[in-house]
Structures are given as structure tokens and as C-alpha cells.
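Database features, via TrEMBL:
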- B:20-40: transmembrane segment (TRANSMEM)
- B:47-72: transmembrane segment (TRANSMEM)
- B:92-111: transmembrane segment (TRANSMEM)
- B:118-135: transmembrane segment (TRANSMEM)
- B:165-186: transmembrane segment (TRANSMEM)
- B:253-275: transmembrane segment (TRANSMEM)
- B:281-304: transmembrane segment (TRANSMEM)
Amino acid sequence: MFELLGVPPQVLLGQLLLGLINGSFYAVLSLGLAVIFGLLNIINFAHGALYMAGAFVAWMLLNYLGIGYWPALIVAPLIVGVFGVVIERTMLSRLYHLDHLYGLLLTFGLALIIQGLFRNYYGISGLPYQIPAVLSGGQNLGFMFLPNYRAWVVVASVLVCFATWFAIEKTRLGAYLRAATENPTLVGAFGVNVPLMVMLTYGFGVALAGFAGVLAAPIYSVNPTMGEQLIIVVFAVVVIGGMGSIMGAIVTGYMLGIVEGLTRVFYPEGSAVVIFVIMAIVLMIKPEGLFGRTA
Amino acid sequence: MAMTDKTKGEATGMPTLHKIIFGVLLVALIALPFFVYPVFAMKVMCFALFAAAFNLLLGFGGLLSFGHAAYFGGASYVAAHAAKVWGLTPELAVLCGAAAAGLLGFVIGSLAIRRQGIYFAMVTLAFAQMVYFTALQADFTGGEDGIQGVPRGDLFGLFSLSDNLALYFFVLAVTFGGILLLYRIVHSPFGQVLKAIRENEPRAISLGYNVNRYKLIVFTLSATMAGVAGATKSQVFQLASLTDVHWSMSGEVVLMTLLGGMGTIFGPLVGAGIIVTMQNYLATFGAWVTIIQGVIFVIGVLMFREGIVGVLARWFKRPL
């Protein structure tokens, strides 16, 4: 077997895969943030909490209603999305005329409430969620062992990211959306129901977070704190990528996941902070972000 | 953030009303330790200074930092280390903490001011998380345990602060002095330029002000004063822990300022008093504290954006 810089390939590839999985979550979450930011101009601080809620909804569907993984993959994001729509209608929509920072503060408060509620009822020890039978086990690729479920996470996230990108950049609905991002008043004047679109966009953005949560449930234990660390890293990802482009958010997410995985191989102590260091470097060299359009 | 600004007559020194309020406050604080548990009162004062320092940045500079725990907690680690390992006296330990926080604020601030608005908030939050991870992993911070058993030492090497009451008056002097200093900064020509930048940045630029330099200075000042608060807290509790650098601490200081009234003089003090008292009485309810804080956030943002002191100022038609 060949060795790279004294690192056995099993370790390297194993960490690369782990990085790719983390990257999948970064990509789906930062995509949701970017979609929401594009139209609503707010940063959804509750994104991490809603990701966690997605995992919990999947767990509840299984344990209270006997609904398995595959239906939950659709149903849980829908429930989270509907919850998002309620938030948008009852709260966020009152803040559009104000400074965008108020949206950040509001969603921060919501994140505290959601996390606190789940912590009260389910504790912080975490609940197990079984990998669906079809995806248990793994493939021996000769040089490493590839668990089926992890491969599925990567595939599913790529599919969802691609579908979202396609819907926004290539379809008629997406064109309305992009137009409303540029000038909501004018789009409204053409007879498009902009408030409805804003509502559904927020719902869709948080449904993406819920989807990521269901994907994560069998890998990490279902835990009320699973979203809070992640969301801050995703914020850094978003700053690095810039939220101007959908593709940018996706690519940056995967890329940084892989970089983080590589750091874990070559300099484990730095793996927790590498993304923040990259953010600092990007801020020095290209403050608007790698794919950003405006500062 | 757009805020109404009713401050008048800055050039002629402190308005009589403010003098009266500060005077009454000082008398009340001198009497306070004889009525309530001094450690609790000291905690409130540390957080009041922390919130006031934060308010300098948000309320007067218009910059929302979501990572002020980094300076508060970072300073508390440095001060605890200075007092315990280097054996420095309390006032020097606090100065060390404040200097470290100022330096950290300068470095992070110089990067963060490259972005505006919500990006600024995200950048500061992300860097604060980096500080958190550093505190978790570094050798001198003691990881999950933090730095425990910090000696209280002798002030100037002369007066022992091991007695709660003696320490109380040290903390009172530091925090009250800090708050007066912040008041002075807000009402200086520098503070006026700051408000101009907050209200209309392009116009301030066109008037020839180096906006980024002002932002960096106010960021560093705010971080330094937050550091004074955190360093003092570590001397009070004889402890520096991960709680002080955690993101939820950054959220708490935002909450205190929002609740009390952004851009008011006395709002952060009121907000800090309410939140710390609430945490004290609800401590046994665990996660409910988080939920109640979240609810206050939501209600505050939706219908109470002026904050308590902001509303009072509107009623009395006086800047408070």
C-alpha cells in the first residue's frame, strides 16, 4: 500500500469521506441560508435549530407513529417547512420594513426557544435513530470500507442541491424568484404575488434544513444541541462563499467539508478552527467572499 | 441600526438629570451590599459594564457584534491566569485581561469591519467561536474545567480583597468608573462622529471621515471594556470557564442591551440587572431560562424595540 506524507491511505480516505459528509450538511444548510437571504435579506439564525427539529420530527414520526425513514425524508421537511411558513407569516413579515439585523435577532430568539423546548423534553443525552435496513452495511472497496448510509448522504445532498440550483437558475418560477430578489416592487407590479413567494421561499429554505436534519439523524444521535455548533460553522461557510450565488453556496460547502477532513488528517488540533482561519484569510484577500457579488 | 437620537447639549457637559441619576445610582450601589448578597450584586455590576460596552458598539456605533463573549471570556481567562499563575495583584490582572481583550478586539475588528450588516454579525460570531474552540483546547485554559481557584489577592499589594465587602467596593469602583468612561466616550466629539456614521455612513465618508478607522477604534474600545467586565468577573467568582466564551454569552449581552434599550445610557444597566436577576431566580428551572430569554428576544424585537429605558425616555421626553 502506498503512503502519502506518512499517512496511511485508509486514514486519509476515511477522513476525506467524513469531510465530504460534513460538507454535504454545510452545503445543504448554507444553500438554505442563501435561498432565504436572497429574497428576505435576513440571516436565519434559527436554521440550526430547525435542522435539529428536522431530526427530531423524524425520530418522533418513527417512535410515535411508526413512520419509517423513507416517508420521513419527505414528511419531516414538510412539517418543518410549514412551521417555517407560520414563523414567516406571524413574525418575520412584520420586520421587513426594519433594519435586517432585527431579523437576525428574532430568529436568534426563536432558536433559543426551539432548542430550549427540545432540551426540556428530551434531555441532552441524545436519542438513537436506526439506519434504514436497505442502507445498513457497506461496501469493501479494497482500500477502504464505505458504509452505505454515508454514501447515500452524499448522493442525496448532491441531488437536492442540484435540484434546488436547477429550480432557481433554470425554471420559470426560479426566474420570478431571481427577479423578486432584484426588485420586489416591480415584480409585484407585474402581477406576481411577492408576499406569497417570500413565504414559500422561507418555508422551502427551512425545509432544506429539516431535510438535512433527517439525513443526519442516523449518523449523529438525535440531540437538541446538534444544530448550534453546526450553524456557526455554516455562517463562516456563508461568509467565505458569499451569498450572492446559489452554486457558490453549494460548492463552498462541499469544499470546506473536505478541507476540514484533510486538516483532521494532517493537523488534528486545527480541525475545529480551520474554517474560521480560512474565513479570516478570505476576509483579508477578497472581503466580498469567493462567489460574492456585493460587499 | 436606525435609532432615534434625542441627545442634546453634549457640549455643555453632563445634563443635570444624568448627574442626578448617576448620583442616586452610586449611593444605591454603596448601600446595596448591606441588603443583598454582595457576590450577586457584583455579578450584576460586571454584566452592566459588559452590556454598556456592547451598547457603545451597537447603540452608538450601529455595529451588531454577535461575538462579544470572546472579549468578555477571553479577558476573564487572561486575568484568571495572571492572578493565579503569575501572581499579579487584582488591578494588574484586570488590566492584563482588558489589554488582551483590546488586542483581540483590534485583530478581529480589523477583519470584521471589512463586511457590513448581517455579514459583520456573522463574522464576529464565527471568530468568537474560534476563540471558544481555542479556550477548549489550549493548555493554559484548563479545557472543560476552566481556571479554578483564582486567588483574590491584595489590591495594590496592600488591601486584601478576600472579604466579599472589600471586593465589592473594588468591583464598584472598576465598573462604575468604566461606565462613566463609556459615557464620556459617547458624548465626546469622537462619539458624535460615531453617531453620524451610524445614521448615514456614505455622508460621513463624503464629509471626509475615515469611517473604517472610527469603526475599528470603537470596536477595540468596546472589546476592551467588555474585557474589563470579564476580567473583573473572573476575580469575583475566582473562576474563568467556557460559559464566558460561549456564543450564548454573546447572545445574552445582546438581549440585555435590547431589553434595556439600545442607544440609551442607562438601558444596558437596567437590562443587565433584569436578566441577571431572572437567571438567579430561575436557575433551578434549567432549560426554561433559555426559553424565557428566547421569548423576551422575540417579544422585544416584535413590539418593544425601544427597550425599557427607551420607552421611559420617550415618556419623559429626555435622553436617558
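Residue numbering: from 1, along the chain as shown.
Note that Cβ sites are derived from N, Cα and C of the backbone, with glycine treated the same way.
These numbers come from a predicted model, not from an experiment.
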Close approaches to the transmembrane segment (B:47-72) from elsewhere in its chain (Cβ under 8 angstroms; 6 or more beyond its ends): 1, 3, 101, 104-105, 108, 112-113, 120-122, 124-129, 131-132, 174-175, 178-179, 182, 185-186, 191, 194-195, 197-199, 214-215, 218-219, 221-230, 232-233, 244-251, 253-254, 256-257, 260, 262-264, 267-269, 271-273, 275-276
Dominant neighbour of the transmembrane segment (B:165-186) in B:20-40, B:92-111, B:118-135, B:281-304, by Cβ pairs under 8 Å: B:20-40
Segment-segment contact (the transmembrane segment (B:118-135); the transmembrane segment (B:92-111)) at 3 or more Cβ pairs under 8 Å: yes
Outside the transmembrane segment (B:281-304), six or more residues from its ends: residues with CB under 8 Å to it: 248, 251-252, 255, 258-259, 275, 311
